[in-house]
Structures are given as structure tokens and as C-alpha cells.
Protein chains: 4
Amino acid sequence: MSHNTFGHLFRVTTWGESHGPAIGCVVDGCPPGIRFTQADIQAELDRRRPGQSRFVTQRREPDEVKILSGVLPDEDGETLITTGTPVSMLIENVDQRSKDYGEIAKRYRPGHADYTYETKYGLRDYRGGGRSSARETATRVAAGALARKVVPGMTVRAALVAMGEKEIDRANWTWDFIGDAENPFFTPDPKSVTVFTEYLDGIRKAGSSVGAVIEVVAEGVPAGLGAPVYAKLDQEICANLMSINAVKGVEIGNGFEAARITGEDNADEMRMGNDGTPRFLSNNAGGILGGISTGEPIVARFAVKPTSSILTPRQSIDRDGNEVDVLTKGRHDPCVGIRAVPIAEAMVACAIADHYLRHRGQTGRI
Amino acid sequence: MSHNTFGHLFRVTTWGESHGPAIGCVVDGCPPGIRFTQADIQAELDRRRPGQSRFVTQRREPDEVKILSGVLPDEDGETLITTGTPVSMLIENVDQRSKDYGEIAKRYRPGHADYTYETKYGLRDYRGGGRSSARETATRVAAGALARKVVPGMTVRAALVAMGEKEIDRANWTWDFIGDAENPFFTPDPKSVTVFTEYLDGIRKAGSSVGAVIEVVAEGVPAGLGAPVYAKLDQEICANLMSINAVKGVEIGNGFEAARITGEDNADEMRMGNDGTPRFLSNNAGGILGGISTGEPIVARFAVKPTSSILTPRQSIDRDGNEVDVLTKGRHDPCVGIRAVPIAEAMVACAIADHYLRHRGQTGRI
Amino acid sequence: MSHNTFGHLFRVTTWGESHGPAIGCVVDGCPPGIRFTQADIQAELDRRRPGQSRFVTQRREPDEVKILSGVLPDEDGETLITTGTPVSMLIENVDQRSKDYGEIAKRYRPGHADYTYETKYGLRDYRGGGRSSARETATRVAAGALARKVVPGMTVRAALVAMGEKEIDRANWTWDFIGDAENPFFTPDPKSVTVFTEYLDGIRKAGSSVGAVIEVVAEGVPAGLGAPVYAKLDQEICANLMSINAVKGVEIGNGFEAARITGEDNADEMRMGNDGTPRFLSNNAGGILGGISTGEPIVARFAVKPTSSILTPRQSIDRDGNEVDVLTKGRHDPCVGIRAVPIAEAMVACAIADHYLRHRGQTGRI
Amino acid sequence: MSHNTFGHLFRVTTWGESHGPAIGCVVDGCPPGIRFTQADIQAELDRRRPGQSRFVTQRREPDEVKILSGVLPDEDGETLITTGTPVSMLIENVDQRSKDYGEIAKRYRPGHADYTYETKYGLRDYRGGGRSSARETATRVAAGALARKVVPGMTVRAALVAMGEKEIDRANWTWDFIGDAENPFFTPDPKSVTVFTEYLDGIRKAGSSVGAVIEVVAEGVPAGLGAPVYAKLDQEICANLMSINAVKGVEIGNGFEAARITGEDNADEMRMGNDGTPRFLSNNAGGILGGISTGEPIVARFAVKPTSSILTPRQSIDRDGNEVDVLTKGRHDPCVGIRAVPIAEAMVACAIADHYLRHRGQTGRI
């Protein structure tokens, strides 16, 4: 019932604004005995970190995670072991440029949460968007790094599959290319880099912005996770992805395409695999049937809108009801969708880890 | 944390399978003093009820709701007044045709939850899909009929906007046509009826099935409902819609289209309305910015896959690991998406009612 | 977050008032594969049922439970097997004597919830106390009967240990006597029956009432259930007991006595048992240390106030603010504490079953 | 459903162990617009802080609270205004004396959570009790300081009313004496100070310890908070108090005494007050009837066991199953109950604040 918590047994509470002293999260319900290092968490945070190419905001934060509780150091002095108690992680805000917020404090930026936020609470932290700041997502990535360790054998990977009008060629899909130093887009298609570079440079120079589509794939998820009605695994994955800033749509498996085809074409047929376990001959379902995992890869896709911070003036009003024009100067991503890639992995990992524990709790079948 | 409950302050727990004596729901947290009649609930149930045209399953259930608790009769003998305690509603299952489930009990129908359900629980109620049965959704509609009364001035309406390869013409959108006796599809486009009829007749006669896209619009929702991070109003609406059987994708406002356009085109500009309140010049956001309602209509859309019960045999396995072919005889909808229309309205009404109470609880600003 | 639900993984939602058509509960999260019979549930309900002696209210309800969902019949036709989906149980209200509530509807009975209920909700169901009616507790007993099956090897028993000024002699404690036909008090002390009978007859004839103290003992609870901070097993047992009508105090182990003695006297020393497992030489802790079960019997005790329905007139007011005298005619228990015995067992069983599943979920150590 | 969270709308998550870098809490759901200062929080923490007399542990921590999120500074530079987003508060651990935990790491201290903790999680942080450390309670006090601001006009005060065999004389009750510099016991009876001093000095010198009884009184709580069944206000107050370390029993109003008296003596009669509002002529109910507040002062009482850390050796075992004798050297309170006083105030304030928001959410009647 919290506005700032997600998950049930693997439960993540996040806090903090971009212009306070720090942001952080508390991961409660983590099983005891999980071994990890601070570097495991940091590696994920570094993937999300701004300031790594000209296509992501130039705010430079080291984003160094501090682990404050819930772990015992192992004898090697580096490995941490979860104790089953809350893991509190904190990231300091070090790059809070002082500036004059006078105008922004009063004006509602179109496409931003300024107006709704203030309508809800009667006041807002105008210094950077408050909780609506993308900076909050760093804490999700930290939590997700732990979640990955909860489900044995699970891997969760994501990729940018479209940017504005440009799409990747799925025939070129290469997971290993995503972490490549020459790939500032998390695209799985090596050939797409030059296309995206040229396209996004144009967008950036025009002071414009553009949206993106991200695909997340979780492999090694055992069959049986989820529930048939209101704790559907796909439902909770979608909810977790929808909670990411600027996401406007989510789909599982073939998604909206399923609405256009027939039952014969859509059904994933089954056969016995060589290893004596059931397997599916296709995966239109995206690894989930009736809200419960099939054992096939779980596939989700989501749309990120273009960032609303653009250099073209847009009509708006201020808090006194005056009609004004607003343009947003400063550090902004021409395509916020790029950075959503590691965030999406984290959110999907958390959803699955939660269901893994819930399934074990109710059924004892893991 | 329940697998069979949704909502936080306006909280709905449903129970029941299609082949037990009854199904039902418990609505907890309903404000006291809300006035309604049994006929208000029944009217919504009747909209969802199967057996009303040749395009929906011929199972004939009266679906008569009984209200068992949480209300006081008013002096007129007809109006009920909520007391603030749980409203328990029950619908008997009267049409449980006896049949031989021997084969279905063992075989996993492709595209159905049979395999995953049994993997999860180790056993399943093979007589009609257990909790995965579409029949469960009747209880949601009953709960939604109450939810509609919680937010003063709110209306929630939905429409089928595409069926398989066929789409409506939005230029013909007529809300009033949806309840028309000549409209078995919940389409808002009068001219689409003949198109859909011919198309679906073909599908039906071929023993095939087809998906659909539904759009839900909630009007009269005050600005300020929702939250900026993990209780985003759009997130919870999408989660509620994803919990409906066979839904594979959801979007808010312009949804996936937002990923394709620029920030200039996507931003909804603001001006002061003639009545001295802020208004938006467009509604790409679908009535929600930063997870909080703007006061504009809330617009969500979702994709329903084709029903997996088809007459064409599909490859599958049985619980003993034998490879078998499965075809599903019996009563089935060629397009289950049609009946999703009133269900979607109910789920959206519940999400908004819940946030209305949560907003009042935290802020006292309603 | 529900006002009418308790538990987290073993989750019980109850509904209904004494003067509606029925009361009931929905048990969600029950593990699949649990075998029980309708008679198992009924037997517990029969223990709680009023009208069995002159010391409990003469309202005669058969309290026949109907199991509406969440189970599959086994081949024997009698055994039910939980499917892992919500178990809905319903009990009809058959003894709703028609009477004139005119006066009670307006007057606030001292010691009852009439005034507070109406202040909270702005209206109330004056026909029998609404949700505050002791009748609601029947549904808890039904849920508890299922909870008993969740923890292998667990038994939960309770006994009345004091009534007003009279106490049992613990030297005579005989668990088997509690179900004895000659024992209308759930006392474990056979010699106390004549004492209590004489005492309570006097109370009853005087139109008075008296309180009681009940002790609950759960045996066979594995060590390790609970949590160190806010989900302490003792905390949740106490909360469950405090939720029973008229309970004014709860204690674990030696309880308030612990405040009077020294650390040396209070500490339960440990030794290795003959079976090679740790054992405690005493059980002042009541089977729980630091919020987590020790493996020793869990012992809780609680105080029930005298029923407020008495024949002696007491000063009160009515809803119009007039000062009135109120005396309560009708069917009432001179000692409501007696019937609290099976209810307490149910509430403790539910708390432990919930923690059993939670422990399994987080740690996988059961 | 979290093990480390309490509350529903006013929701407190705590984290941290005594031997990590810090402890802290996240308060979610706080209404926006609440004004407070860092000093308001610090003042409550200072009341709980150890090291203030020879009767409480000599661990010296400044316990300086840092407020990391959820607030906007007011123009005066000192007042903070809640924004409605999570308030994260952190307290560093500065006094972590290095010592050899070799023996304690293996041995189970009788009366402590060592054995149960390790049984639950399979491992434990032996450096100070992990989450079972009394240090965790500092974070509750910080959260409670905020909770006090949520309910307009509410005051919550507590007092030590008994220590071991010694009780206060209620005729001398003086609330103002509790904060007196000459009062190291939070006793409301000035004459008790010399009695308690002499008594506790004896206990302390003997290396022994003793329990205590604390009474909490909340005034200014509006009538109507709580709920009739499983969210009873008294139930949640008891749960919150039971969650405090070493608490073994809780009672509301006259508590266990209610079990000994008759209905006539127990019922609180009502009359109209001079101000035209209902008032009660006595308060045996402790301000709560049927789980809902009456408007009278809310009175709760709880028993704290003697600390288990004593200098007298007690029999125990170690993790290898060897039988050992354990005595606990180091810094310990001879009566941990003393420090429970400000903690209890905090926990009661949080319970009431939560119900204040829940009541407003459901009913809109505040």
C-alpha cells in the first residue's frame, strides 16, 4: 500500500530526490545467505549512469553505492552475505549545480509532472522534479542487482529495439554487442549504431527529443511462477515497467500483434523436449500463460515517450494562472529511452524474484 | 499481497471457479453512505453476460447477483446504503453442464493455462479452467459497479476499436451506439457492425478465433490522483487491465505511438480555460502526467489475444508426457475481446476509486 | 491494508453482519494439496456455536458451513483437496428474530461500539451490532480450521483459566477434559466446574456479566518462525487475539509477571536434549525469543471484559443528544469469554500458518 | 507484508544493525505540508539516547539524525515542510567498540534471540544482536516524532509505572515531572525516584536486571478512528507495542482487571458534556470501544522483561551443540524498560497517525 514500495516478499522501498543530499533504497525480504559484492551492484549502476556519451545527460555523478545494512562480510573481506534483514543502499547526490529556479519554480513545463504534482500535493520540490526525477531510477538498478541473485540460473537482459522512426534489424541481434564500448544505445544490432547516431545527432542539434522501444528478456525462469488472477506474472512485470518514467505502453510476447492474428497462428504448440521436459515450439505468449511462467524466455516490450525537456518553446501556464511559453534549458537526454534499458532489467528481475519467493512460500514447490 | 485481491483502500477480493456452486467478491473499504440498488449492479452484469448473440459463448447463466453484507436498506425498500463494512456479492453457477472431462483433464490445451497451472500447484481444477476461467470476471464487473459510485461525477466507458485485421473508423465514434440493441460488438462505429459481423462469422464458421483491441475512457476524474513513482495511476490502470484474461498489451494515451514521435509533437500544451481553470490543448498523455491525473479524460487501450479454444487441432502433450493433438469442442467465443469491454470499464473504475480514497487519505485535498 | 483481512500469505478476509442473509470468509494463499473434510470445519464451528448451555446465548443457529470454492473433491467423495485458489466459506444466518429495534437504533449502549461505530461511519446497522457482532467470529473459526492443516504436526488448544474472581487450579490441568460433555466452560480443571457453575449462575440471575482469562497453547511449532522486528510472531499472535471482541489485554509466556522478576529468574536456560537437539529448561518466554519461535510450546493469554449487555440500567445518551438510561434485554452470554476459547485457537493457528508460509518463502528453510 | 515495515498509510520502514555504518528509517505516506524542524526529531531522539545516567547503557552515541529526503526547506532556513514523498532519516553508528566476538559469536545467550535468529536465517550478525538490537528503536523514535505532527491536537505521553517489585503511587502522578533533570526513570511520581534509585542500584551492583511496566496515554485523539474487526485501533496499538524489544504483555484501559469485574462496574456511562458533546463518566475502556476511538484519552500499558544480559552465568549451548555457561559482560541497562518510554510514545503516535489517514481516506469525515 505504499506509494514508494514495490514487491511483496522481495520488497523494494525507494526514497530521495535529485536535489537532496542522497537517494537510496531499502530491500526487504531478501533471502539470507545470498553472496554478492559491492562491485556487483556498482557495475549495474555504472551501466545506467548518465554522462557516458553525448546522447545521455551530462550530469556527472559517480553514483557510488554504499551498502549500509543487511549484510555480513565474508572472510575474504569483499564478498557480502545477506542476513535476511533489510539491505539499505545509499547513493549521494554530488552534482547539484546551484542555479536560479525562480522561473521553473512557478511555471509548469508541458509534458512534465509539474502541474499534476503540485495539484496533488499543494507544493512540490521544483529543484529537479522531486520524485519524478529520472535520478530515482538509480535506486531501482541497485535493488535489481540484488534481485538477479535471488533466482538461481536467471539472466535478465534488455535492448533498445527502436528509436523514433528507426528500428533495429532483428536478424542482426547480438546480445554481446550490447555491452560493447562502441555501442552508446544498448542496441543489439551492430549495424544500427551508425543509423541511430546520425538520427539522434540531428534530434539533439535541433533541441528536440525522441522516444524509444525497449525489449526485456528473462531466461532461466522456472515454470510455475505467477498466479492466475490478480498477481499474474505478466501483470506485475507490466506494472513494474509502467512505473518507469515516461513509459506509455507495455506488451508481453507478441503483444498488440496478438490482437490481429487468429487462434491457430497465436497458439504456441507443445512437444516433449529431448531432455524429457515439455517445450514450446514458439513463444508468442512471451513465456507466460494464464499469468504463470511456462519456462520459456519471458519477453516484454515497452514504449518510452520523448523527453519533454526540449528547446522549442511550448505554451503553458504558471501557478498564478498566467499563460506563458516554456522552454527547458540545461542537461537533458535527447532520448531518455536509452537509459531505460538497465532500469527495465532491474524492474523485471525484481518482479520475478518476488514471485519466486511467493511461489516458494505458498507451494513449497521450489 | 494476495493473489486474489486488488486495490488498497478500495479493495476487491474475488473467489470461485466456473464449476463450483458459486463465484463472488468481497469489496472492502467502500466509503459509508453510498447509495445504490441491486439493479445498478445487475445492469452491469447483464452487459457482460454470455449468451446474448451468436458471437459470444452460449453458456446461459442468469448471473443474478446477491448482496450479502455491508449495506442497510433505505426506507424505500430498494435503495441500499453502504455501511463502510465489506460488501459481499455472490453469483450462483447454474449452468454447469455435466460432461466427460476425462481427456481434457489430462491434456494441456495450447494457449491455455492448463500446463502452467498444473506446474504451479501440482493439481488443477480441470472442469473449466479453475480461476483462469473467464467466468471469474463477472465478479469484477459487480465490484466495478460499486466503484463507479465512489468518485463523484466520474464516468467510465469502453469500446472495441479493432477486431483482428479490422478497425473502426474513429470519425464515426458514437458513444451512445455502444448500448444499441443492434450492436453485438460494443463498437462505437455504427458502420463497423456489418464489417465485424461478416468478418467474425467467417472466423466462427472456420472454428477459428481472433483478437481485439479495446479502448477505455474515464471522464470526470479530478486532477491529482495517483503518485509519482510506484503507485502511478497509469501503472495501476495497466496492471488492472493486464489482469484480465488474454490481455497481452496495454497503453496509455498515445501509447506506443509516443515512441515514434518527437518531444514537440508529443507535449500537450496548456492554456487557461474560459472557466478559469487550466486545460490541455491535446491529450497525448491520456490524462496522466508523471503518474498523476491531469483532469483530462483518462484513455487506456489494450490488446486481447484470440481465444485459444479453436476447432483446428494443435500439437500438445498430456500430463504423462505423451504427445497429443488437442482441439477444443464446446461453447466458446470466436472473439473473447468483445466481452472484455464491460470488464475493462470495471477494472479502470476500481483503480480510480482506489486512488481517489488514497489521495483523500494522504492529502485531505478532496 | 484491509480493515477486514488478516494475514499475509495465509490471508483471511471475513464479511457479514448478524442480520444479513449470511456471513463468510475467503481464505487466500492456502497451499495446494491440503486434504480436509467439510466435517473438519464443521466440528470447530460446533465448538463455538451458541445455544449449547445456559451459560451461552440462546440464539440457535445451526452454523452449517458451505464451502464454495478453492477445492477439488477427492475420489472418496468426502475429502476435499485445496487447489491453491481462494477457499470461500459461507454460513447462513437463520435465526434473525424480528423485533423492534426502534429504541436501540437510537440509543448508545454503554460499553458497546454503538457510539463509536456511528461516529466513524455516520450510520450503523443497529440490528445486532453490525461487524462488531460476536457472530462474525464464526468465520474466523472456519478459517482457523484450515490453518491448522497448514503446519504439519501443529496442535493449537485453548482453555479458560479464570472467570471473574475465580481461577482454576493449574495442578489439575487436564487437556482432555476440555471437550468433556460435562464441561460447559472449556476449563481444563475438572474441579472448577462446580465453582464456575455456581458463580456464573449467580451472575446470570443478577442480570450481570463477568470477564474471563483464556490461555492458548500451540505445540509442534518449528523453531525459526517469525521475524525480529515488526513481524514478530508474538506481536502477530497478540494482534490476532486483540482483534477478538471484548479482549482488553494479551500476554506471551509469563507476560506481565516478567516485569516483576529479575533477569536470572526470567532467562530460560538451554541444554542439549537426549535427541541431540537443543531444549529449554523452562519456558518463561512462551516459546518465542526476539520475535522468533524457539520450538517450545507457544503460550499466550488474554483477558476478556464482561459483556456490556446487562439488565442493570446504565446512563447513556441517544443519537439526538438526549440523556437516557439503557438496559439490554434479550439473548446474551453472562460470560462471553467462554466462547472466546475456540476463536482464540483459530486466531493463533492462522497467525502461525501465515508465518510458516512467510518463513518458507523468504528462507526456503522448511 | 514486510518484516521491517509497519503502518498502512503512515508507513514506516526501518533498517540497520548496531554494528553497521548506520541505521535509519523511511517514512512513507506522510501528508504534504507538515512543518517541523530537525530539532523536533532530535529532541525525541535525545530522550531515548543511552548514556544519560548510570541506569542506562553507557554506549555513547550522539544519535544525530540526518533528514535525507521528502522535505523542502522553508524560507526561514530551519523549518522543513514535508512534500508528501518518503522522508528518509539516517543515524550514524559512531560507537562501535572493536572487541573480540569470538565466543559470543558461537554461544547462544539465554533469553536473547541468538538461537532463534540463527535457526531462522542460518546465520546471524553476532556483532550486537543484528536487527534485535535495541539500537534499532532509535529509528522508531524519529518516525514517531513526525507522526505526532500528523494528528492535529494530539499529544502522546508515557511513563514508567512499575519497576520490578516497586510501583509508583498514582496519587502523585505529575506529567511535568517526567522530563525533569532529576528524573532518570521517566516516572511520573516524584517520590518514587529515591525508591527506584536505591532499588536499581542494588540490581545493577548485583549484575542483575529487572523488568518494568510502562503506561502510554494519547490525548486529543478524535472519536471514530479504528475499525470494528481486524484493524481495531487497540489491536494495532498493541501490535506496535509488542514489536518493541522485550515486551511480553500489553493491555488497553483497565486491561486484565476487566476480566475480574462485572459488566456494571466495567461499563463507562455516558452523559452530554457542558460543551454539548458526548462524554464518558469513566474510561475503563481506555478510549477505545469496539476497536474505534471514543474521544477519551487512549490508555495502554505494557510489560518489559528484565534484560537478559546479566553477570550471573546461565546454562546454554553453543552452535556446535556443546553445553556452555554464558555470562554477558559489557554495557547493559539494568532495566531496559526505562528507555522503552519514548519508544512506546513513538509507536502509539505512529499507530494513531496511520488510522487518522485511513479514516480520512475511507470516510472523508475528518
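Positions of Cβ are set from backbone N, Cα and C atoms, glycine also.
Straight from TrEMBL, the features:
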type	residues	note
BINDING	B:R48, B:R54	NADP(+) binding site
BINDING	B:R131, B:S132, B:S133, B:N245, B:A246, B:G290, B:K305, B:P306, B:T307, B:S308, B:S309, B:R331	FMN binding site
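A map of TrEMBL features onto the structure.
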| residue | record | contacts (Cβ under 8 Å, 6+ apart) |
| --- | --- | --- |
| B:R48 | NADP(+) binding site | B:D63, B:T137, B:A138, B:V141, B:R339, B:P342, B:I343 |
| B:R54 | NADP(+) binding site | B:R204 |
| B:R131 | FMN binding site | B:N4, B:E17 |
| B:S133 | FMN binding site | B:E17, B:S18 |
| B:A246 | FMN binding site | B:G211, B:V304, B:K305, B:T307, B:V336, B:G337, B:A340 |
Are there binding-site residues in B:R48, B:R54, B:S133 whose CB lies under 8 Å from a CB of chain A, and which ones?
none
With 8 Å as the upper Cβ-Cβ limit, not reached, which of the binding-site residues B:S133, B:K305, B:T307 neighbour chain C?
none
I want to verify one value. Collapsing DSSP to three states, which class is B:R131 (FMN binding site)?
helix
Per DSSP, to which secondary structure element type does B:K305 (FMN binding site) belong, with helix, strand and coil as the options?
coil
Give the number of CB atoms, excluding that of B:K305 (FMN binding site) itself, located within 10 Å of its CB.
32
With every protein chain in view, what's the tally of Cβ atoms within 10 Å of the Cβ of B:S309 (FMN binding site), excluding that atom itself?
24
So, three-state DSSP: helix, strand or coil for B:R54 (NADP(+) binding site)?
coil
